[in-house]
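Copied over from TrEMBL, here are the features:
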REGION    1-136  region 'Disordered'
COMPBIAS  22-31  compositional bias 'Basic residues'
COMPBIAS  32-42  compositional bias 'Basic and acidic residues'
COMPBIAS  64-82  compositional bias 'Polar residues'
COMPBIAS  122-134  compositional bias 'Basic and acidic residues'
TRANSMEM  160-183  transmembrane segment
DOMAIN    160-729  domain 'Major facilitator superfamily (MFS) profile'
TRANSMEM  195-214  transmembrane segment
TRANSMEM  226-243  transmembrane segment
TRANSMEM  249-273  transmembrane segment
TRANSMEM  285-307  transmembrane segment
TRANSMEM  327-346  transmembrane segment
TRANSMEM  442-460  transmembrane segment
TRANSMEM  587-610  transmembrane segment
TRANSMEM  617-636  transmembrane segment
TRANSMEM  642-664  transmembrane segment
TRANSMEM  676-699  transmembrane segment
TRANSMEM  705-725  transmembrane segment
Amino acid sequence: MEDTYNHRTSLVKGAKGMVKEAKRHATKKVNKVVDRATDEYSSHQNYKRFQDDEDEDEDFYRGSQAQDGQSYNENEGGSSDATEGHDDEDEIYEGEYQGIPSAGDSKQKKSQVALGQPVSDATRDRSDLEQERQADEEELAQQYELIIQECGHGRFQWQLFLVLGLALMSDGVEVFVVGFVLPSAETDMCVPDSSSGWLGSIVYLGMMFGAFFWGGMSDKLGRRQILLICMSTNGFFAFLSSFVQGYGLFLLCRLVAGFGIGGAVPIVFSFFAEVLSREKRGEHLSWLCMFWMIGEIYASAMAWAIIPHYGWSFSMGSAYQFHSWRVFVVVCALPCVGAVVALTFMPESPRFYLEVGKHDEAWMILKQIHDTNMRARGQPEKVFSVNRIKTPRQLDELVEMDSESRNPVSKLYFRLKAEIHGIYLNLKKCFNYPMQENMMRLAVVWFTLSFGYYGLSVWFPDVIKHLQADEYASKVKIHNNERIESFTFNFTLENQIHKNGLFINDQFINMKLKSVTFVDSTFRNCYFDDVTSVGSYFRNCTFIDAYFYNTDIDDSKLIDGTEVINSTFTHNKIGCQMTFDDDYSAYWVYFINFLGTLAVLPGNIVSALLMDKIGRLSMLGGSMILSGISCFFLWFGTSESMMIFMLCLYNGLSISAWNSLDVVTTESFPTVRRGTGFGFCNALCKLAAVLGNLIFGSLVGITKAIPILMASSVLVGGGLVGLRLPDTRANVLM
């Protein structure tokens with residue numbers, strides 16, 4: 001029996017020796033591969049120092065063999081995490097996933113006392129734990145950069161590029177869909193002037209809160225999961241808004257839709273940056289910015305093609321109207337739906353998984369990236385050589401626990417409260433040293449660029465419309481003291497003013513009144529049948545024995561003391577009538593916006609090609625300063641053609657600043673706070689958009705000096721601040 005036991009023990013020791021020897025050879029091969037990658041990319045870090053822990057594991061294992069036989073026999077039947085699932089005779093191949101090492105971690109050794117008992121984290125100072133985590137994050141950042149370089153840039157990144165591009169395109173559509181449907185929606189829903197303008201502001205408010213909330217949640221629950229939630233929210237309520245009839249419900253749906261899409265920008269850029277190597281980030285994040293421009297072009301083209309076609313509308317009875325602008329809203333929600341579907345086939349960010357300690361999940365995704373790219377290159381035999389990745393120390397968070405006896409609503413409330421508090425604490429760290437100064441500068445640049453851009457985006461179209469209206473009004477025909485009896489009007493009256501007129505026994509049948517005003521006129525025994533009045537009013541007029549059938553003439557058109565004596569209104573048209581066939585500026589305004597979006601294309605291409613050559617900060621500051629200078633030439637814009645040219649020039653110059661700012665912001669924050677920091681900056685962007693809409697919109701037709709000087713000063717000032725930001729081109733993504 002003793003010989004049998006000794007023989008068995010010798011076999012076990014021999015097998016384990018073979019396993020250790022194979023493992024040692026595999027480690028040497030991994031080190032050689034990584035050292036070559038390190039030399040190629042001129043990096044001073046390599047995987048060898050990440051394998052020191054493994055050598056310590058072997059020393060620890062050799063020491064444990066000197067213990068008594070009982071301890072040896074207890075360990076004999078078990079298997080380590082590194083060899084779990086393998087028989088003793090299995091061969092360990094290069095790059096085969098070994099699992100997470102469970103013993104001998106260097107960080108754990110630092111926390112051991114003399115007797116070998118580990119010190120509990122609960123007995124250690126919180127600042128010490130945070131310092132250890134910071135060191136772990138720096139170590140992970142260096143290793144992760146080498147891993148991404150080994151995975152290469154190829155098919156996987158381009159697939160993710162298209163998927164995230166659809167999400168970013170949805171954000172661009174959401175921003176511009178509001179301005180395009182605003183006049184139509186307010187007219188269709190009979191919105192009074194006192195409530196006008198709420199639609200444009202409330203969507204930006206929803207996007208402001210959504211950017212901060214969803215950006216912060218992506219640092220806690222993951223990029224892909226939160227992006228799916230916020231995109232689904234936007235898509236559902238965008239579709240719903242096209243069917244609701246009341247203006248209040250429409251505002252609510254657009255508010256929630258804006259809240260959903262608000263998280264797209266911070267999450268998209270954070271997600272994509274985390275699968276790009278350092279030398280690829282600037283260029284490819286700039287190419288990703290083009291999808292925002294594509295969304296703008298898509299919205300402009302669809303508005304131009306759909307909204308003016310009033311004949312596309314249909315009605316279900318007299319209560320439900322579905323006009324062409326509602327069709328436009330549905331079409332604009334399609335990119336969001338496409339993004340949701342495509343996202344379901346993409347994995348989570350491996351960098352996020354490593355940050356939260358999910359080593360196995362991150363390794364599987366990194367291997368998927370490597371294998372996808374290698375197959376696309378025609379090198380399917382190339383093995384992913386990484387078998388262990390550093391994971392930062394996980395710090396427990398104090399979470400307020402709710403009683404199990406509470407109802408689900410209370411539990412949801414406490415969970416939401418805890419998450420918001422966690423986002424707030426994460427945001428506070430963005431303003432701590434050493435990030436405090438840079439965070440303040442980023443906030444200033446985001447606010448000034450957004451204030452100038454969105455303010456002028458509102459001011460430009462309104463100024464052009466104002467110039468068109470002035471030109472239209474200059475051609476008005478005025479008729480004084482006319483007397484017309486027993487005449488039938490069955491044609492369109494346009495851009496006319498009738499003063500002190502007398503109409504007796506006249507018939508107005510199947511006709512349109514377009515921008516026609518009757519002042520101090522009298523209508524006696526007149527018959528109105530199927531009359532549509534667009535921008536037409538009766539001021540201080542008198543109707544005697546008149547009959548109205550199927551017209552839209554109501555109290556809103558009979559103003560300034562108009563009297564109706566012994567007259568009948570039958571089957572009046574319900575709601576505010578609208579027809580783009582009679583809108584002299586509809587096609588032209590949408591075409592101008594389409595030209596403005598096309599002017600962004602050259603700037604996007606230039607910024608993508610030069611981002612890594614001339615630097616982020618030079619492009620950011622230079623673009624903002626040139627945009628501010630171009631605003632001064634608006635002083636000479638006295639015609640439509642001049643204003644259109646200035647609009648295209650301004651859009652082409654400012655887009656490089658947006659692209660550079662997105663890249664700099666992405667690279668300025670560590671992974672654990674990237675979504676929160678970017679979300680806060682994007683929330684400032686939407687706040688500036690609200691203020692820009694209100695301030696610049698109120699100055700249309702009043703003065704040109706204040707908008708021009710205001711936009712120029714904030715853009716130039718923001719550009720100068722942007723030049724003082726730290727250069728992030730050489731940063732690894734911590």
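Just so you know, glycine gets a Cβ as well, placed from its N, Cα and C.
TrEMBL: automatically predicted annotations, no manual curation.
What you see is a predicted model, and the numbers here were worked out from it, not measured in a lab.
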Hey, which bits of the same chain come close to the transmembrane segment (442-460), Cβ under 8 Å, at least six residues off its ends?
179, 200, 596, 620, 624, 627-628, 631, 643, 646-647, 650, 654, 657-658, 661, 664-665, 668, 680-682, 684-689, 691-693, 695-697, 699-700, 707, 710-711, 714-715, 717-718, 721-722, 725
Where else in the chain does the transmembrane segment (226-243) make close Cβ contacts, counting only residues six or more beyond its ends and a cut-off under 8 Å?
167, 170, 174, 210, 214, 217-218, 250, 253-254, 256-264, 267-268, 271, 322, 326-327, 329-330, 332-333, 336-337, 339-340, 343-344, 675
Taking residues 6+ outside the transmembrane segment (587-610), which of them lie with a CB under 8 Å of any CB in it?
176, 179-180, 283, 286-287, 289-290, 293, 296-297, 300-301, 303-304, 307-308, 460-461, 464-465, 468, 619, 623, 644, 647-649, 651-656, 659-660
In the same chain, which residue numbers or ranges, 6 or more beyond the ends of the transmembrane segment (642-664), come under 8 angstroms Cβ to Cβ?
265, 269, 281-282, 285-286, 289, 292-293, 442, 445-446, 449, 452-453, 456, 460, 463-464, 467, 592, 595-600, 602-604, 606-608, 611, 616-617, 619-620, 622-624, 626-627, 630-631, 633-634, 636, 719, 722, 725, 728
Count, for each of 160-183, 249-273, 285-307, 617-636, 705-725, the Cβ pairs lying under 8 Å from the transmembrane segment (327-346), and report the range with the highest count.
160-183
Short question: which residues 6 or more past the ends of the transmembrane segment (617-636) have a Cβ under 8 Å from it?
445, 448-449, 452, 456, 603, 607, 610-611, 642-643, 646, 649-650, 653-657, 659-661, 664, 704-705, 708, 711-716, 718-720, 722-723, 725, 727
Using a Cβ-Cβ cut-off of under 8 Å, list the residues of the same chain that are 6+ residues beyond the ends of the transmembrane segment (249-273) and lie near it.
160-161, 164, 167-168, 170-171, 174, 178, 185, 189, 198-199, 202-215, 217-218, 223-224, 226-227, 229-235, 237-238, 240-241, 281, 284-285, 288, 336, 349, 662, 665-667, 674-675, 678-679, 681-683, 686, 733
